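Written out below as structure tokens is the structure these notes cover.
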Amino acid sequence: MFYPTLDEVKIMAKDYNIIPVTMEVYADMETPISLFKRFEESSCCFLLESVEGGEKWARYSIIGKNPFLVVESYKNKTIIRERNGSQREVEGNPVEIIKGIMGKFKGANLPNLPRFNGGAVGYFGYDLIRHYENLPNVPEDDMGLPECHFMFTDEVLVYDHLKQKIHIIVNLHVNGNIERAYISAVDRIKTIHREILDTRWKTADNSVLSYNKKKNELAVTSNISKEDFCRNVLKAKQYIRDGDIFQVVLSQRLCVETNENPFNIYRALRVINPSPYMYYLKFGGYRIIGSSPEMLVRVENGIVETCPIAGTRKRGRTKEEDEALEKELLSDEKEIAEHVMLVDLGRNDIGRVSKFGTVAVKNLMHIERYSHVMHVVTNVQGEIREDKTPFDALMSILPAGTLSGAPKVRAMEIIDELETVKRGPYGGAIGYLSFNGNLDSCITIRTIILKDGKAYVQAGAGIVADSVPEREYEECYNKAMALLKAIEEAGEIR
């Protein structure tokens, strides 16, 4: 059965210009992984998943392919590619260009569907801030990736873990004959359903994760030596003593040569380090694979929310050691001072787009546990103003204070001085912009970028007045550990 009906669509078309048409099918013999592997050969596709509390899969996994637009931006040039093969270039602020494209769509919000049922999926890079702030000391761009890259998709598969069903969603564009468009959407749903049922996929790939203790140790290189990183920490501490900043986040980029199957790396990562934001994004010649624990900003039903994370410890080997490390973390004056500072920064960022008096702190300084580390986390919420959009909320926070510092602009100037290369996607945002007005994004951390036979992993540490350089250097490696392990484990998938 297809929902909504043609008659219902005709009524909705008076108020909306893009309407999701959906059919539910049983999926008790499928997984999100088996589904996605049917469509991974598409040049641009994505898989979004989520784990709640570090241990329970969230209700929905979302698969997208066959985008009708792909938008990528380099400085002031944005390339827009259409599904029919045509493309054009537009000059100007890429955020405003994507905002303009999204502004053309007014999507219907149907009940019983997830937050995202069609729209744009991709990333905004850290360096987009240069379109809003004067940061003249631009580091070298050694990776050559777009400042932002988005797939606009009107075909989505939603795997419902609770009901063990798949929502096959095709968005109908209201731009002509409604009946013809509805029939076309229904036909497309039927085609996708046949692809799901195709028995060739049942035996095409029966690879499994097998854990062989004898693994080849990865040859990991960094773009900065330990001595130089520690020297930069001392320089940052001098800026703090001089009163320039209270805190700054310094990072290093690790690199590993690999020829492992990219999707197998994602499969290993989702087992090793399940997180609130799991993503596999395929953009033609490169892929972004991640398990970010940290929300950047979410806008849903008029509520705007951010979730600062600051304060980290390694997980203990036993329950008792784990609890002792939690107690140590929550009594660490340096970590708590840094966290409170970033919560205040989050309140200020949310306040710029929220109604007066609605900004509130929720769940102050609670602990969230992941496979290799634990973090101190706080939620900040507000009611978004009528004159503000989800884009305004996103740009009020990007880049997050937890990846830049405080005050934010001066901290970013110091990052440009001390880090030798542009951050690219790292420290920016990955997420979706839905046709129905919802936005959800995470900070691009705990992320692997695969390009030209190399895997890049970037991680940082928050520097404050009493930081110990060697400990900050080690924190970067602690944060990268799960990602490097996933690359190792991918080689064990047989």
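Even glycines carry a Cβ here, placed using N, Cα and C.
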From Ser50, Ser61, Ser73, the one annotated by Swiss-Prot with Pro276, Tyr277, Met278 for L-tryptophan:
Ser50
In which DSSP state, out of helix, strand and coil, do we find Ser50 (L-tryptophan binding site)?
coil
Reduced to three states, what secondary structure does DSSP give Pro276 (L-tryptophan binding site)?
coil
Determine the minimum-neighbour residue: among Glu338, Glu475, listed as binding-site residues, which Cβ has the fewest other Cβ atoms within 10 angstroms?
Glu475
Just to verify a number: CA distance, Tyr277 (L-tryptophan binding site) to Arg446 (chorismate binding site), in angstrom, no decimals.
10
Select one residue from Pro276, Gly460, Gly462: among these binding-site residues, choose the one with the most other Cβ atoms within 10 Å of its Cβ.
Gly462
Just checking: which of Ser50, Pro276, Met278, Glu338 have a Cα that is within 10 Å of the Cα of Gly311 (chorismate binding site), counting only these binding-site residues?
Glu338
Between Gly462 (chorismate binding site) and Pro276 (L-tryptophan binding site), what C-alpha distance do you get in Å?
22
Cα separation, Met278 (L-tryptophan binding site) to Tyr426 (chorismate binding site) (Å, whole number):
15
